[in-house]
Structures are given as C-alpha cells and as structure tokens.
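K.L.:
Take a look at what Swiss-Prot says about it:
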{"type": "CARBOHYD", "residues": "N52", "note": "N-linked glycosylation site"}
{"type": "CARBOHYD", "residues": "N56", "note": "N-linked glycosylation site"}
{"type": "CARBOHYD", "residues": "N258", "note": "N-linked glycosylation site"}
{"type": "CARBOHYD", "residues": "N371", "note": "N-linked glycosylation site"}
{"type": "CARBOHYD", "residues": "N407", "note": "N-linked glycosylation site"}
{"type": "CARBOHYD", "residues": "N414", "note": "N-linked glycosylation site"}
{"type": "LIPID", "residues": "C611", "note": "S-palmitoyl cysteine"}
{"type": "LIPID", "residues": "C837", "note": "S-palmitoyl cysteine"}
{"type": "SIGNAL", "residues": "1-20", "note": "signal peptide"}
{"type": "TOPO_DOM", "residues": "566-592", "note": "topological domain 'Cytoplasmic'"}
{"type": "TOPO_DOM", "residues": "612-617", "note": "topological domain 'Cytoplasmic'"}
{"type": "TOPO_DOM", "residues": "835-902", "note": "topological domain 'Cytoplasmic'"}
{"type": "TRANSMEM", "residues": "545-565", "note": "transmembrane segment"}
{"type": "TRANSMEM", "residues": "618-638", "note": "transmembrane segment"}
{"type": "TRANSMEM", "residues": "814-834", "note": "transmembrane segment"}
Amino acid sequence: MRIISRQIVLLFSGFWGLAMGAFPSSVQIGGLFIRNTDQEYTAFRLAIFLHNTSPNASEAPFNLVPHVDNIETANSFAVTNAFCSQYSRGVFAIFGLYDKRSVHTLTSFCSALHISLITPSFPTEGESQFVLQLRPSLRGALLSLLDHYEWNCFVFLYDTDRGYSILQAIMEKAGQNGWHVSAICVENFNDVSYRQLLEELDRRQEKKFVIDCEIERLQNILEQIVSVGKHVKGYHYIIANLGFKDISLERFIHGGANVTGFQLVDFNTPMVIKLMDRWKKLDQREYPGSETPPKYTSALTYDGVLVMAETFRSLRRQKIDISRRGNAGDCLANPAAPWGQGIDMERTLKQVRIQGLTGNVQFDHYGRRVNYTMDVFELKSTGPRKVGYWNDMDKLVLIQDVPTLGNDTAAIENRTVVVTTIMESPYVMYKKNHEMFEGNDKYEGYCVDLASEIAKHIGIKYKIAIVPDGKYGARDADTKIWNGMVGELVYGKAEIAIAPLTITLVREEVIDFSKPFMSLGISIMIKKPQKSKPGVFSFLDPLAYEIWMCIVFAYIGVSVVLFLVSRFSPYEWHTEEPEDGKEGPSDQPPNEFGIFNSLWFSLGAFMQQGCDISPRSLSGRIVGGVWWFFTLIIISSYTANLAAFLTVERMVSPIESAEDLAKQTEIAYGTLDSGSTKEFFRRSKIAVYEKMWTYMRSAEPSVFTRTTAEGVARVRKSKGKFAFLLESTMNEYIEQRKPCDTMKVGGNLDSKGYGVATPKGSSLRTPVNLAVLKLSEAGVLDKLKNKWWYDKGECGPKDSGSKDKTSALSLSNVAGVFYILVGGLGLAMLVALIEFCYKSRAEAKRMKLTFSEAIRNKARLSITGSVGENGRVLTPDCPKAVHTGTAIRQSSGLAVIASDLP
C-alpha cells in the first residue's frame, strides 16, 4: 500500500512539474558572513531548515541549498574570492552581510553580473539596482523624535561603519532649524579617549546625546558613560539603533538617565513567539549565539530567507525559467557576462510582500524597505517600555505613559533586593559560628540590624552581599570608574547600600542617599600613651612654678617690711629687767622683730602655725593681717587643687589636634586608601588639611591603608609613631575593644553623616528614606548604637575611656613630702651639730679649756646633765639669765627691782 501511495505522489509531482515548467526542485542560494555574525548565521540556517521541512499543501515543495562562505577579513581580495566562489556554484541569489570595507566590492559585482544581494546590513548610499535592503532607514524616525523633544543643542556621536546618511540628514535639518549640533566621529576611539571626550563634554554642560553606532561600539560607549557617572538624572541619550532590547542597559536603569531608542522586532507577535520557542530549543554547541534572544539583525536575516523563498515561489508561479543559470561562470570575465534571468529575479524580489519577524516586509523600486513600523522605547525603572511608534504614514505616534509607581513597588515586593555592604566591625561581622548558618543569618552587627528594620518597614525581601573589593566607593582619577559599594550601585549590581557610607557631594552626583542614620566626623586615633608617673615634687603641681616663685618673694618681702615697720614703730620697743649685777633698765630697749624673728613669724603664718611673738604696733599688725589673708587664700586654693592632682592619673598625649599632627614629622598619619576621609583631605582648601594631604600623598612608605582593620593594626604596632584618621564612630568603637590600647584625641575635623544609598532614580529611595526617619524618631537608631558600641564593650563603662581616671594615692604621689621631712630633720641635726661645736669652742676660750675638754663637758651635760670636774655647773648658753624677782615698777623713767637674793 505504501509503495502504491509513493508512486502516486511521484506521478502527481511529475505532472505538477510539467505544468509549472522546468523549475528546479533544489534552489542554490549563497551566503556571505563576516566576523562576529555567528547569531545571524544561526538564524540563516534555522530559516532554511524550517523552510525545507515545513509542509506546503498548495504548492510543490522545493529546497533551498545554501553555499556559505565566512569571511574573516573583509577586504576586497577576500570578498572577491568569496563572491566568485558563490557565482561559480550557480547560485541564483546571495544573502550576505558587509561592512564599509566590503560594501563597494559586493555591490559592484552584483550590478555587473546581475546577481541580487539580500542584506540586513546598513543601507547603502545612492542607488544600487541589485541590492535589496532589509534594514529600514532610521532617518525619518530619528528626526521626528528630535522634533518631539525639541532638541536644538545636542551631541551626535557616530562612526563611519554605517555611512553618513543619518549624519547628513541631521546636519541638513540643523541648518534649516538653527540647531547647534556637535558631530563627533568616534571610529578610532579607545576607552581612554571615550572617557576624556565625555569629561570634556560634561565640562561644556552637554546633557543630550544621539549615538549612531553599530552594536559592538555602541555597547562600549555606554559602558564608558557608566564608568564616568554620566548615566544619572539630567542626561538624555537617543540610541540610533533598531534593537533597543538588544542593548545591555541594566546599569542605566539604576542610574536614572533618560534613554530612548527604537525597536524593530515586536516580541509579542505570534510569529515571533513561535520562533522564540523553537530558538530556545536549539543546541548551543551546534548553533552558536542561540543562548541569547535573536538580535534585530538576526531577525532581518530570518526575514531575508523568507523573502528569497517567496521570490522563488513567485518565479515558479510566473513560469520563469531560472534553470538556465548554469553551474559555472567567470565572474572576472571581461567584458562581464551577466546572468540573463537576473533582471527577473531582481524585479520579483522587489515585488515580494510578506509578514516577517520585523513586521511588514516590502520594498520600493530601489530595493529599500517601505511601509514598515518601528516602536519607540524608553528605559524605565522596570526596564525598556514602549512609549510610541513611527511609520511613514502616521509619523511619530506616542501612546499614553501610564504611571507605574504601584507596579514598581509590587515588582520590588515580589523579588529579592540585593543589599551591598562591607565587612566592618561593628557594622557587619560574621557570627562566631557562621558556618552553621546560610544567607543573611551568617552576619551580625549594627547595619545587619538596620537592614532588618528597614526591610520590615518597606516590606521587602533582601539578600546581603559583601562588596568584593572591600572598598566604600571612590572614583579613579584616571579611569573615572567607581569602585566599592558606590560602584555596585552605579553599575547595577546592587539596589541598596546599608553600610557606614558617608554622604558626600561626589557620591550624591551618582547615587541617592537617605537622611543620615548616624552623625559623625573625622577623628584622630593614636596608641594610648602610658600613664605618667608622678614626680617627686608632684605636690607642687597644683600651683604653677611662677606662683611658687611669687610666694617666695612675697614671703621675703613681707618679712623685710615687718622688720622695717617694727624698727621704726616705737610701740614695738619695750623695756626688759636688768641683768644680774646691773641696776636700772637696759640701755637698749628690746625689739622682738629682728630679721630672723620676722622671717619666723611670716613662715609660721604661712604654714598656719602659731608663733610666740606677735606685732604690738598697728603697722606691724596691718602687715601681719594682710599676710594672713594672703596665706588663707593661697593655702585654700592649693588644698583644693592638691586633692585633684594627687588622686588623678594623667596620660600625656603627644598629639591633641590636627594642628599638632601637621606641624610635626616624627609621627606619621594616614587614612583609608578609598573613602570619604581621603577625599576630604584631597579636596580641602584649609591650610592645615592641605599640608596634611601633601604629606600623606608623598609619604614613603604609603600611609594609606586598604581597610580600617589594617589602619588600627598599624597604630597598635607603631609604638606611638602612627596616627590613623578615621570616622569618629569607628574610633569610639575600637577604643572599647580589647586590648584597649587606642584612644581618640582632639575634636572632630568635620561634621557629616552615614546614609543608606540607592541608585539614582530608584523607586526604593523614598520608602528607605521614610523608614530611616521613622527609626530615628522611635529611638531605634540610638538603641542600636548603644547595643553595638557600649553594651558589648570590652574596656569598661562608656565613660571609662576618658583620659583621666581617679585612683587611690600611692607613695610616689607624696614622696616629695617625705623627702622634705627627712631633709629638714637632717638639716636640723646638722645645724645642731654646728651650734654644738661653735658653743664648745666659745666655752673653751672662756673657761681656759682645751677644745676637746669643752666638747666632752658639753656632751656630758647634753647626755646626762651632770656637773663638770671643777664643780661648776655647765649649762647651755642662753641669751638672757632667768631671774626670779618681784614685779617691775617703773616710775619717772626709773626701774626699781626688789630682789630676794641674800
């Protein structure tokens, strides 16, 4: 039965072939592919495969047989060889791609030999009879978009890979409308040249750009725009390309810049959806490029095969015999021998009208696409979104842009947000047993708790991601590329940064910050100095040495004045009873305030001790009164300060401020290599900070550290020869951690704050900001700081980190007092010995004794109080004899003494 059925089919096919003429069952077509067109070649193969395997009930099938040449180097010689190879194989049409180096060679051969070229490459300039342009022109759509935005001053970046058609159209329109267009060819630019150009344009306040480049160069330009931070709000880019969805714009989504472009392929049409299902099933090893969705050039390639297939069907229906093409031919013959049916092929190609992946495929008599529609897309927070369309009839038509704030919020709630942070104690740390946990549970710290609180208020799921390079975020001065957490946000790798990230102007230009969740400033960390040992005479410290000198001079001065007034005042002179054997009063009335007694009186008053003598005269008592008042105040002040000085241990710090650091060279100082502290010194215009920056920048070895932990370790190991400049909050935290050997000195150098960062234009900005404000007003932020700074501190209570600490007195505190006591006692013994010897010598002369005998008699008397050898009582020499007598009566200037001596 199967044999009979097969014979019937063959018989039917034979009759159909006779009816349709001698049309071949296998149609030879050519394929020319240049470098970096793997995906286009995959689309070419897939289209041919689907055509050859798809049943057609209405017409007899025919197979497309491709002859493909891949040209690695698209020069004239390689293109000529490939084209001649195709021509010699008897192809009826060639599908091929070209660039600016091969376009003229291909079009010349096609015109000379009447071989039609179907191409998805850029449209050629001028008229090419045998070239069918699958790619629509962007001129009309781009000019309509510029009119809509009312741009009259912008930058046009282009290369010559696609010719000058768009440049010519824009410059003509600029001349008509008075536009100011800066046209710049970027064909020979490298990464550095792009960045320099963008920086220069930014200095000129250029914010609007039209970019007309092929996909590879376009992607490179966009990467450089991101690297210099020009993808933020305020910038607008129009991409003169038909594959808006083919471009990687993830980083621009978070940046906030407005990006507009055109999309030729509508991925929502049934035909495209069906092809995509088949595309995803392709083996990536056999079909390179199938791992990504087809680009618009691949869609044009697919449509090109459909156009060729439809052309051959039309030729067969018209009973045009193309079989006389032959299997050989000399493409270099002189004169050229064109293909006879080439005109019919070219005419039929231009008459084709089909629905392909790129919409309506139709050509004019010049072989250019007509009656096509392209969509206009803009980049939104959720990705590319259609905002309108353009066609020849309606021109630019914009559709209503429905607000999608709610949709954006819902999209955030339905996915996991990446939170970038940095390993920095006490903000983010690994738990002790973190190996037992997964995800966010591995971490603990201030920022971990803060992220949890913010997520609760916003209602999102999040994933903590540690920044790979371990940096906060700074822009390289040469490459203009951001690193650290700022780079993670700028380049779209994270959506929130919750870390000790300082709010600065340069960062605010590329990312958004919430209200500060912590206030701080730059501070100085040094190694805690050893406690100073009190000096022997530390009891003198309560008063300055100048005051002590003044007290000594005051003491001497008061004693001299007291001596003088006592001498001149008659009331200080009084009469004494006469000595033995004398009658009447003494010729020299006594005065108690000699110079030595005056000194003794002043010293006793100063020491707040009593004295056997006191002034009798009014003038002397005035001197004594003011001296007592003086000593009262001085002694009270001294006593008040003495308690504090003797019971407080002091640590002498070699550095107390930034000025101290700047004016010395013995102690080195530095900051983090990448962060706001370094940026503060680099940009500062204050003389002290400029001097510090000059030193830090030129210091060898480098004083910049990669991490805070490295800086702290350097402080601890430097034996007081290195100071680390860091945020005050981190300084205070480390001061509370063992081994408790660092300390903060001086005040903060500036005032700033830490904020939660989001990419520019992110829908998370407002919810995050409100969450931080709520946490601040509820006191949660203060509780978190106390928890991680002081409650978990290892160096005692919060106030124990002060520089002075009260303690019990030690012997060293009062050693000087004991020294003075011992010294005074020793001095007294020495003076007593001198007096003993002096009086013994005088006694020896008076008693006609030898000095040794006088010494022995004095010693015997001093020890035993015994009588000497001659029966004389040896008594210590006294200035006056003591007598017992009646009361003294003085009358008329005479003294009468009654004595009871026999």
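The backbone N, Cα and C atoms fix where each Cβ goes, glycine too.
Keep in mind it's a predicted model, so treat the numbers as computed, not measured.
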K.L.:
Taking 10 A as the limit, how many CB atoms besides its own sit near the CB of N52 (N-linked glycosylation site)?
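P.N.:
The Cβ of N52 (N-linked glycosylation site) has 14 Cβ neighbours within 10 Å.
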K.L.:
To the nearest whole angstrom, what is the C-alpha distance linking N371 (N-linked glycosylation site) and N52 (N-linked glycosylation site)?
P.N.:
29
K.L.:
So if I exclude everything within five residues of the ends of the topological domain 'Cytoplasmic' (612-617), which remaining residues of that chain have a CB under 8 angstroms from its CBs? That is, six or more out.
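P.N.:
Contacts with the topological domain 'Cytoplasmic' (612-617): 562, 565-566, 569-572, 574, 592-593, 597, 601, 623-624.
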K.L.:
Rank aside, I only need the closest one: which of the recorded positions N52, C611, C837 has its C-alpha nearest to that of N258 (N-linked glycosylation site)?
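P.N.:
With Cα distances computed to N258 (N-linked glycosylation site), the winner among N52, C611, C837 is N52.
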K.L.:
On average, what pLDDT score does this prediction assign to the topological domain 'Cytoplasmic' (835-902)?
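P.N.:
Across the residues of the topological domain 'Cytoplasmic' (835-902) the model's pLDDT averages 58 on the 0 to 100 scale.
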K.L.:
Under 8 Å between C-beta atoms and at least six apart in sequence, can you list the same-chain neighbours of C611 (S-palmitoyl cysteine), or say none if there are none?
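P.N.:
Long-range Cβ contacts: W600, F601, G604, A605.
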K.L.:
Three-state secondary structure of N258 (N-linked glycosylation site) from DSSP?
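P.N.:
For N258 (N-linked glycosylation site) - judged by DSSP and reduced to three states - the answer is strand.
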K.L.:
Per DSSP, what is the residue tally for the topological domain 'Cytoplasmic' (612-617) in helix, strand and coil?
P.N.:
0 helix, 0 strand, 6 coil
K.L.:
Compile a sequence-ordered list of residues in the same chain as C837 (S-palmitoyl cysteine), six or more apart from it, whose Cβ lies below 8 A from its Cβ; state 'none' when nothing qualifies.
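P.N.:
I855 - these are the non-local Cβ neighbours of C837 (S-palmitoyl cysteine), listed in sequence order.
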K.L.:
Let me spell it out: for each of the glycosylation sites (N258, N371), count the other Cβ atoms within 10 Å of that residue's Cβ, using every protein chain shown. Which one has the most?
P.N.:
N258
K.L.:
Based on DSSP, name the secondary structure state of N371 (N-linked glycosylation site): helix, strand or coil.
P.N.:
coil
